[in-house]
Structures are given as structure tokens and as C-alpha cells.
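Chemist: Please read through the structure below; I'll follow up with questions.
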Amino acid sequence: MTRRRVAVTGIGVVAPGGIGTPQFWRLLSEGRTATRRISLFDPSGLRSQIAAECDFEPSDHGLGLATAQRCDRYVQFALVAASEAVRDANLDMNREDPWRAGATLGTAVGGTTRLEHDYVLVSERGSRWDVDDRRSEPHLERAFTPATLSSAVAEEFGVRGPVQTVSTGCTSGLDAVGYAYHAVAEGRVDVCLAGAADSPISPITMACFDAIKATSPNNDDPAHASRPFDADRNGFVMGEGAAVLVLEDLEHARARGADVYCEVSGYATFGNAYHMTGLTKEGLEMARAIDTALDMAELDGSAIDYVNAHGSGTQQNDRHETAAVKRSLGEHAYATPMSSIKSMVGHSLGAIGSIELAACVLAMAHQVVPPTANYTTPDPECDLDYVPREARERTLRHVLSVGSGFGGFQSAVVLSGSEGGLR
């Protein structure tokens, strides 16, 4: 079967420090961080009391009270990001065949925030097991189930083709775009809204990561807490947000006169069958994902101009990822800039993969590599070029974005400049 070429024609982003792609790119290109003390609830009892929050008010972005009540925060993020992406693509969904349009969105924790809130209501703050269901909000089931993420976006834009929610932990955003890529490339749809959303800054989610000491306890210096690849790194900073890309059959995009940012040229995902949170030091599974994505893109590792790292800022992840990139790219790894935007916008779990892909598309559009903020002290086991603290101009033709998720998920996406230059 001939695989169709898949174009990226629109981007929408809701991220800490930057709602909308102009603000998001400004934050990244300036190397600023969005981490601060948690304001969404009182974090005093937590080990890690900091996060990268979105300055988000639903009504500021065209979401009415009914939508805000019906949808959890993460779905609100996705609706705003999808609307921006569709506008950016200059795509009139009313003129598209709804059966030839899809929506594939990812999330790691779904509506945990709303579920936690309602449990407090119905159980009188956890004091009773015979819960009072009269206290529950009428939209609770729709608000917390992960399926709502994709169905709400599909409903908003009249999408009647394949609609699916992907939940593969912290690779959900990459995998959602990867699955959408296959749907377009294989001719099942002509256009697909693809991305992810999560709003995990809630007491129970923060406590979960506190329990395994995965998050940074640098509460006295939030701006410098996330330090991917730095020798003094001590965990990630929780984030939140959403990003949606419009993926289209390249010929379909050309026929309607759309501007094209770039193409999705390769995708792969593998599991490590090893440990829920542990990673093999050698990085074999991530390297296999990279190699397979490169094969699909018909590229050698030496063609990659920039690697967007998972770069969570935990000791084991950053060593594992460095080893994987060196295994796949060989000596070229040492000449390839590799940075982590989690140093600036935190780790939004399932959403971060799509947010990072949006950053990659913008990096290609501007021909600028975003930096790794807060990188000051080299780690002998992490010995690549992590673009410390300042953005860097560079010719970007092919970009690799990689992700790693609890549960052993390892994914990679390759983006390539489209013929005729970039948007």
C-alpha cells in the first residue's frame, strides 16, 4: 500500500507561561521558566509544593459556563488548543466531509481533578463510606472519563470519522499524533485533530509522585527546580496543558491552498516489559523506537538536526535517554543539539508529548533550537549537547522527538521539512 504524505497545517497550545503559540514560543525562545508555588490548592503537606500552572480562565477563551461545568479542566485546555489549531490551519470544518475527519487525543490521568473534587463532596471530605450521591455534580461521569477528551473535541468540530482517546502514560501525546499519522497516511481520513491534554496538578496526583520521590522538592527555588541532564537534578516539576496539531493528507492540504509547517515522516512505539517505573540503563527500547521511526521516515540517524528530549530531570531517565540517543545516532549524537522544554513548562504527563511536538514544529518554523533552562553542571553520564540556557539558531530539516512513560512506554516521532520550504 502506498503511504500518503502527512502534513502539519495547524498548531494550538495551552501551556504554562504561554496560552497560544506566540506566547508559548516566546517563553521557549527566551529560556524562561513557568514554575512557581502551587496556587490551585494548598500544597503545604506535600514534599513537592511547586508546579508549572497554566494561567487559564475558561471565559477568557470563549468557553461558556455550561462547558466549564460539563468538562474538566484538561478537556477545556484541549477545546481551546483545538480551536487555535483549526484557525491556524485556516480549516473550515463545515466544508470537510465529516466522515473523512478524525480526532485522536491522549491523556494520562483524565479527569482526576474533578473526580477528586466530587469525592470530597459526596464523602464529606472522606469521613464517610456511605456516600451521599445527591451531592455529586450531574456531569461527573462525562467530566472524569478519559473518553470525553476526544468526544468533546469531535463534537465541537463535527468530526464523525475515527474518534479515540489514547492513554499510554507520559507518551500519550506522542502516541496520539502517531496514531493520527497512520490514519491519514493509510487513507482512512483526510484530516485529523491530534494531540493531548492533562491537568494533573491536584492533591492526589501530586501525592502519588511524591510517594515515589519523582518530583523535585526544591520548593525554595521553583524557577530553577527543573534541571534536566544537570548533575544536580532531583526530579521533575509537574505541569499541565494541551496541544493539538492539525494533520492532513499533503495533497488535501495543497488542494485547499493550506500553508504547511512540516510533515510527520516517522513514528514508532515499544514497551520495555521491565518495570512500572524503572528503565534499563542501556536504553535499548527507546533506541529501537528511534531506529524504527527513522526507518519509516527513510532517514539515517545522521540526518537528524535536533532531538527534542523527554528530559524529565530524574536521574535514571536522563541517563537512559542519553544512552538511547547515542545508540541510535552514533557519533552524530555528539554533534546534534538535544534539549528539554520540561525545564521551562514542566512535565504535564500525557499532554507533554504533544506540547513538545508543537515546540518542534515551531522550532522548524523559526529555525531555532529551544534551550534546556537551568543546565549548569555537567553529568559525566550525560555527555551530549543539551543547549544550555540559551536558544540557538540552526538549520532544521529533520527533527526527532522522543518520549518515555511509566509502564515501559517508549515512543519516537520524526518531523521533516516539506518540499518547497517551511511555513
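Backbone N, Cα and C atoms are what each Cβ position is placed from, and that goes for glycine too.
Got these off Swiss-Prot a minute ago, pasting:
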type: DOMAIN; residues: 3-417; note: domain 'Ketosynthase family 3 (KS3)'
type: ACT_SITE; residues: CYS170; note: active site, for beta-ketoacyl synthase activity
type: ACT_SITE; residues: HIS310; note: active site, for beta-ketoacyl synthase activity
type: ACT_SITE; residues: HIS347; note: active site, for beta-ketoacyl synthase activity
Chemist: Once the chains shown are all counted, how many other Cβ atoms turn up within 10 Å of the Cβ of HIS310 (active site, for beta-ketoacyl synthase activity)?
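Modeler: I count 31 other Cβ atoms within 10 Å of it.
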Chemist: Identify which of the active-site residues CYS170, HIS347 has its Cβ surrounded by the largest number of other Cβ atoms within 10 Å, counting every protein chain shown.
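Modeler: Of CYS170, HIS347, the one with the most crowded Cβ is HIS347.
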Chemist: Across the domain 'Ketosynthase family 3 (KS3)' (3-417), what does the pLDDT come to on average, as a whole number?
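Modeler: Mean pLDDT across the domain 'Ketosynthase family 3 (KS3)' (3-417) comes out at 93.
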Chemist: Specify the secondary structure state of CYS170 (active site, for beta-ketoacyl synthase activity) as given by DSSP, simplified to three classes.
Modeler: helix
Chemist: Provide the three-state secondary structure of HIS347 (active site, for beta-ketoacyl synthase activity) computed with DSSP.
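Modeler: Reduced to three states, the DSSP call for HIS347 (active site, for beta-ketoacyl synthase activity) is strand.
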Chemist: Pop the Cα-Cα gap between HIS347 (active site, for beta-ketoacyl synthase activity) and HIS310 (active site, for beta-ketoacyl synthase activity) into the table, whole Å please.
Modeler: 9
Chemist: Calculate the distance in Å between the alpha carbons (Cα) of CYS170 (active site, for beta-ketoacyl synthase activity) and HIS347 (active site, for beta-ketoacyl synthase activity), and round it to a whole number.
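Modeler: Taking the Cα atoms only, CYS170 (active site, for beta-ketoacyl synthase activity) lies 9 Å from HIS347 (active site, for beta-ketoacyl synthase activity).
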